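Take a look at the structure set out below.
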Amino acid sequence: MAKYIIALDQGTTSSRAIIFNHQGEVINISQKDFPQHFPQLGWVEHSPDAIWSTQLSVMQEAIAKARIREHDIAAIGITNQRETTMLWNRKTGEPVYQAIVWQDRRTARYCDTLKEEYGAMIRQKTGLIIDAYFSASKIHWILENVSGARELAEKGDLAFGTVDTWLIWCLTEGKVHVTDPSNASRTMLFNIHTMQWDDELLALFNIPKAILPEVKSSSEIYGYVDSRYIQGGKVPIAGIAGDQQAALFGQMCTKKGMMKNTYGTGCFLLMNTGDKIVTSNNNLLSTVAWKIGDKVTYALEGGVFVGGAVIQWVRDGLRIIRTADAINSLADTVEDNGGVYFVPCMTGMGAPYWDQYARGTIIGITRGTTDAHIARATLEGIALQVHDIVRAMEKDVGEATKEFRVDGGASASNLLMQIQSDIFQFDIVRPKVLETTALGAAYLAGLAIGFWQNTDEIAQQWQQDCTFSPKMPPEKVAHILRYWNKAVKAAQHWIEE
């Protein structure tokens, strides 16, 4: 009997493969970074070939390092950076342009022209706010600006995919062109009520329906990995979820009202809203969490574009630390931020502000400011952005938050988690397994093939590592929040003409 599930976790800065056993324990991890390209101000691109080659490499490397054979692999699950957009020639498999990354802002002005007339309609159909973040305007840009792309599309020879779709296309040698609702719901072309691609939205963005993948559930067999990549050609690809929805599932937030925050490149807070779509009055997004069988689960989401990535900037741009981990020890040498506030909106503000023209701001600097104050303000800036989303979410659901679960690379920082708990004045719960995004994809794949019988069996595997409880006096929190709000106002509309 097969003993393992492999999760392919394709992220914004690296491709990873993680092998899990039946207990949900990590057997092996392989990871490779790949470059991001910034050809113009506000543009962010990846090479589709680099995404595929690094993902294939880490999958094969993980299998080799774990010394397992193809018959030991029960299935593969895929989780991915969402919204990132690729178009390729169906006949040759060659991309017609680079992958336009979710962080890319080139279509901001175009999105602005649509907001007044179409904003309400798009919000009602998709649960999303018109923004360059989502795939629709990126597809439109490629079709309008890349020579030959529109002609290929009209002939039916062009394929669109988010990263999950591209990887499955490559793994199956072009035999399978699919996605799942968690990814489709991030394109701004998918109606989350009918669970179908929406003809009115496709017409608005002038996108031919023929280029789109088939939308299947998040947990079923889509196809098999070609024997060129795993010998035998019998390993099923059986689970798909966008990274944030996968983390919600991996955290076993499977009951209505449960929430998690992922501290990755960005920060993404999701609350399970069950089988009901909660329409936000506070600039949050309604999205599909997953679909298993015929049952659709929805979520309320708030995301900030720069979370853990700001620590990379402090390391590589500001150069006041040599390693990302060093920010914790540096920040811990001071008791507070010394009046310094860092709003790390380098690529604009996401929820709940949705300001495409905001830019990163460090404010409150004096002659007494040190690198340690800036380090602490960096960690606080991450936590305070998350605070603003939680307060918006509480208004939408009419309930106060008592705790939430955390994951992602930066959640390993005890100092950041303590700051987060202090600002919230409620408990932060960190699980033993932080690889919850990959674990969610593994669980979805395993459920499809009977590796696990149901979510109740899986839920028993979730284990708490530690809980962070608030230590900061409420009056000090109020002071921090007052100045944080002033700093946010300073960062807003910075480059608006």
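Please read every residue number as a count from 1 along the shown chain.
Backbone N, Cα and C define each Cβ position, glycine as well.
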Additional site residue, Y118, Y133, Y298 [criterion: listed by Swiss-Prot with R82, E83, D243, Q244 for glycerol]: Y133
Candidates G161, G174, G409, the one Swiss-Prot lists with T12, T13, S14, T265, G308, Q312 as binding ATP: G409
E83, D243 as binding-site residues, winner by CB count within 10 A: D243
Cα-to-Cα gap, Y133 (sn-glycerol 3-phosphate binding site) vs R16 (ADP binding site), nearest whole Å: 23
Distance [Cα-Cα, Å, rounded] between T13 (ATP binding site) and R82 (sn-glycerol 3-phosphate binding site): 13
Diameter of the sn-glycerol 3-phosphate binding set by C-alpha atoms, the set being T12, R82, E83, Y133, D243, in angstrom: 15
Additional residues surrounding ATP, by Cβ distance to the T12, T13, S14, T265, G308, Q312, G409 centre under 8 Å: G11, G264, A309
